[in-house]
Amino acid sequence: MSNSRDSLEIRTHSNSSTAAETYANDVEQQNNEKTEIQPAAPGSDKHSPQTTEDPERHEYATPRELSLLSTVFTIATFMIAIDGSIVATAIPHITSDFHRLDDVSWYGSAYLLTEMSFQPTFGRLYSLFDAKILYLASILICNAAAPTSSALIVGRTVSGAGAAGLLCGSLAVFGRSVPLRARPFGMALVTSMYGVAGVLGPTVGGLITDTRRLTWRFCFWYEINLPAGAVTFAIACWVFKRKEPLHGQLSLREKFKRLDLFGACLLTAGLVALFFALQWGGSKYSWSSPKVYACVIVSGVLVTVFVVLQTLKKEQATIPMRILTQRTVGMSCIFNLLTGMAYNTHIYYLSFYFQSALGTSAVVSGLRCLAYGIPGSIAILITGFCISAKGYYVPFMWLGTSIFIAGCVLLHTLDVNSSVGHWLGYQILTGAGIGLAEQVPFIAVQVVLPPSDMPTACALVVFSRCLGGAVGLSVASNLFSGALIQRLQNTQGLNINVSAILAAGASDLSDKVPETLLPAVRRAFAAAVQRAFVMPIVVAGLGLVCSFRMQRRYIPDDRIKGTEGESQEGSMTPGQEEGSGEKAG
């Protein structure tokens, strides 16, 4: 997402300069400069973002220190990303071990839920407390010892909170250690790990799940037991400097007052209630059930209170409304929410298709899912290169989303009789489509907003993607379970209790169903996956509509060259629509 910014910044240096020379020059220049602190606006909080620049922040890391920090952040980001994807191919086996097929959505949603809802809170923590201690504590969080389905869900929740701490910590420490002009290059390296993890996660999860000595539980131990985790922890202990936090001079009581724990609890509780409603409605209970109604009402009230509090706090809010209601920012968040719903549904339920409908092993399922991830990673790189070279980014959103819609429609047609060419080609098309459009929202919000608002805007885009993934899994689980129950009940000759099949889980159906009835049961699972894949078609279409509401702007070379205030980010540029401050919608 930062490849285009990096390429444009490097153009401002001589053609003979290398990235290392550029960074060294930036460090020497900016370490010798005095800290520039903008005066606070009248009536503003003395601890507002405009006045919290600490001179220590400008004592940047040397190239050697930067290489070590980049190693830590790269591995940590890889662990965050793979923790969200490695479980996909293991879920059918987890449902079999715990005999709880109806909990499938929570294995993914629980992780995403806390990863997104705790990001604002960890952002405050890193400004108030020692970053080194917080970062090391986040690395140590794991949940491998879960003996029951409920315990695993709780463990995934805790692990998601740890992921939020690692992600926020990487951004916070990196921002204090690297000059602004060199920051995009390093962030491009770190964020590229999401694409790598998306490709490797399902495959590694399948390999681990099919190994009897390891089982699926090892999927949740790799952060600490694998050498990569140990190296990350050791390097972080050594290279992280103990620096005074931005608000370290405050008393412990004042620090806790500045933590928006109440807001985080409101948001998390509201989302949990929403997920219960989405999971229960139409499957475990009817949509008219008082329990479903109660969850919807509680969710609406809690989220409404959260929004009201954020509006009243204005600039002191965790999510300032003026940023969220900017048209491009708002559309970017909605677009990422919708594509997140579709992407996570595909990643999780393609594993069900391969293992339950086609009868493959977990490792084969993971290998087949590479056809979705590899084209997506390649498309991300191509998009970044083209945007840097040409300066246009919204057309890639249109093109990618259109291709993604076509892929979603084709994936919906997969059944037990689909050939290798079908499931392979459809995944390649869908993965390439989402890859072309995926990073455009991150670029767009950086173009339309001033630098001071970029961290908040990027956090909102990340939050929206996580929210979409979690909501998408809940909706897809509801569709999948409802369709599966209906098809199994209508299967003639199936004397086995449908509840027994659901309780047994989705893997190794040949060991649980009589051979004569196995084809019918596999067709039922394939039909259930098809039902779940209806939702990605709908949300991808809505995403295309959102892309047409994006402000169409061009990124000229003078956007980076201007350092005297004439070409600030967010100013009017050639090809830009009028009304940069327009609100979403």
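Keep in mind that glycine also has a Cβ here, set from the backbone N, Cα and C atoms.
Per TrEMBL, these features apply:
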COMPBIAS  1-12  compositional bias 'Basic and acidic residues'
REGION    1-61  region 'Disordered'
COMPBIAS  44-61  compositional bias 'Basic and acidic residues'
TRANSMEM  68-91  transmembrane segment
TRANSMEM  160-178  transmembrane segment
TRANSMEM  185-208  transmembrane segment
TRANSMEM  220-240  transmembrane segment
TRANSMEM  261-279  transmembrane segment
TRANSMEM  291-309  transmembrane segment
TRANSMEM  329-350  transmembrane segment
TRANSMEM  370-389  transmembrane segment
TRANSMEM  396-414  transmembrane segment
TRANSMEM  426-445  transmembrane segment
TRANSMEM  457-480  transmembrane segment
TRANSMEM  524-545  transmembrane segment
REGION    559-585  region 'Disordered'
Item checked: Intrachain neighbours beyond the transmembrane segment (396-414), with Cβ under 8 angstroms and 6 or more residues off its ends -> 335, 339, 342, 346, 350, 353, 379, 383, 386-387, 422-423, 425-427, 429-438, 440-441, 526, 529-530, 533-534, 536-537, 540-541, 543-544, 547-548, 550
Note to self: Can you tell me which recorded stretch out of 291-309, 329-350, 426-445 has the most Cβ pairs within less than 8 Å of the transmembrane segment (457-480)?
What the structure shows: 329-350
Next item on the list: Can you tell me which of 261-279, 291-309, 370-389, 426-445 gets the most C-beta pairs within less than 8 Å of the transmembrane segment (329-350)?
Entry: 426-445
Item checked: Cβ-Cβ under 8 Å with the transmembrane segment (291-309): same-chain residues at least 6 beyond its ends -> 263, 266-267, 269-271, 273-274, 276-277, 280-281, 285, 317
Margin query: I need to check the long-range neighbours of the transmembrane segment (426-445): which residues 6 or more away from its ends have a CB within less than 8 Å of a CB in the stretch?
Written below: 1-5, 328-329, 332-333, 335-336, 339, 342-343, 346, 350, 368-369, 371-380, 382-384, 387, 393-394, 396-397, 399-408, 410-411, 413-414, 454, 457-458, 460-461, 543, 547, 550-551, 553
